[in-house]
C-alpha cells in the first residue's frame, strides 16, 4: 500500500496545484472537498472534475452547510454583499477560523484513512489578510493536531504540508504548469458564475498571477480578455 | 452589555457544570450544542432543557451530522458496537480529533458574537483515554486559535476555559451541587435511552462520581439502584 495524503481541494488554483505537487511526491491522493453552501457551488463540481482528472480512489465531499449556523461572513451570509473593490485589513469574506476548522476536519479524515500528510494550498504571500494562512498558524496547528490525535499519540504525527506558503500566485502557477496541473478545470471567482467575473478580489489575484507567470489563463472571463500571455 | 462566554454544552454532567461555573463568573451564557447524529439524540433535548433552565438569550444547535462522512467511531458508525466493558488504551468511541473540531467551531462562534471565553468541560482526570482532553492540548489549541482569528489578531484572544480539567467526576459533582447545577436535566448514557443503562463506560463513571461525592444521582437507571448517597 502506497503512502497517502489528504488534499484539501476547493477546486481553485492553489489546492489543485497541491494535487500535482503531492502526486509528484509519490502520494496516493485523497482529496477532501468542503461543500459549505457558499455562493460558489461551482467549486464542488470543479473539484469533482479535478479528482476525476487525477483518477483518485476516493473523493470525500463533506457537507458543512452548518457554517451558516455560525455565521459572520460575506461568503456564507446572503445579507452581506461580496466586495469587488480592494479592501483594507481583513476582508468581509472572512469566515472565522476557516482554515482551523477545515484543517481540523482534514486531520480527522487523515487519521481515519491513516494518511501521513494533509496538503493545503494556503499562501502567506497573497493571503488576502486572513490570519489563518500564516506559517506560525500552520506550525502551531500541526503541533495541536499531534496532541489531539491517536496518530500523534502513537508517534505517527500527521504532517501539515503547505508547499505554496512562500509562493506568490505567479510562482504557484509556474510550478503547476511544470507539473501539468489542469488549470482549465479550476475556478476562482467569488461570484461563482459559469464565466468568471474578472473583477472580484479572487479573479483579480488570479489574473495577476497568470500575467506574472507569463502564461495564458485557460478559463473564460466575462470581459473576454485572456489573462497573462 | 455584559461579558459573554460560549459554553460547549452536550447535555452531560461536565458541560452543564460549566454553565453553572461560567454564570458564577458573571458571564452571559451562550451555549453551543453539536447535534452530530450520534446515538444519544437525547443529549440535544436535554441541552435545550438546560439552556432553558439558565434562561439564556440564545442557544445555538449546530448540525454536524457530516462527521459521519468522515467516520471512525462507535458513536457515529452503526457498524461498530458500543463497548460496555472497561477498555485498555483509547476507546472505540473515539471520534478523531473531536475536541479539536468542536473547539474550533466554538472559537468561530465566539468570534462572531464577540465572546471572550469558550468553556469546555474536558477533564484530564477521568478523560477515558481521549488524547484531546489534556492540558497540553488545550493550551496549544488556545495559542493556535489566537493565531487563527481576527480577535487574536486584534489583541483580544479568545480564552479556552477548562475549569474541570484537574477535577475528578466526584469533585466536579460536588462543585456543581454547590452551584445548584440542574443534574436532573443531564444525560450521560452512551445507549441514549429514556432511562440510563447503568453499565456503559459513561454511566459507570457517572455513578462512581456521585458515590465519591456522597450525593444521590437524580436520574433513573434501568436497574433501579440510586447511585451515591
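Backbone N, Cα and C atoms are what each Cβ position is placed from, and that goes for glycine too.
TrEMBL does not curate its annotations; it predicts them automatically.
Sequence-distant contacts of residue B:19 (ATP binding site), defined as residues of its own chain at least six apart whose C-beta falls under 8 angstroms from its C-beta, comprise B:7, B:9, B:29, B:31, B:50, B:54, B:119, B:181. Annotated ATP binding site per TrEMBL: B:9, B:10, B:11, B:12, B:13, B:14, B:15, B:16, B:17, B:18, B:19, in sequence order.
Taken residue by residue with DSSP, residue B:203 (Zn(2+) binding site) is part of a helix. Annotation source TrEMBL lists Zn(2+) binding site at B:189, B:197, B:200, B:203.
Close to residue B:197 (Zn(2+) binding site) in the fold, though at least 6 residues off in sequence, lie B:189, B:190, B:191, B:203, B:221, B:222, each with a CB less than 8 Å from its CB. For residue B:17 (ATP binding site), the same-chain residues that are 6 or more apart in sequence and have a Cβ closer than 8 Å to its Cβ are B:121, B:163, B:164, B:172, B:173, B:175, B:176, B:179, B:181.
For residue B:15 (ATP binding site), the same-chain residues that are 6 or more apart in sequence and have a Cβ closer than 8 Å to its Cβ are B:7, B:8, B:9, B:47, B:120, B:121. Distance from the CA of residue B:13 (ATP binding site) to the CA of residue B:200 (Zn(2+) binding site) is 15 Å. The Cβ of residue B:13 (ATP binding site) lies under 8 Å from the Cβ of B:121, B:169, B:172, B:173, B:176, B:183, B:186, B:188, B:206, B:209, each on the same chain and at least six residues away in sequence.
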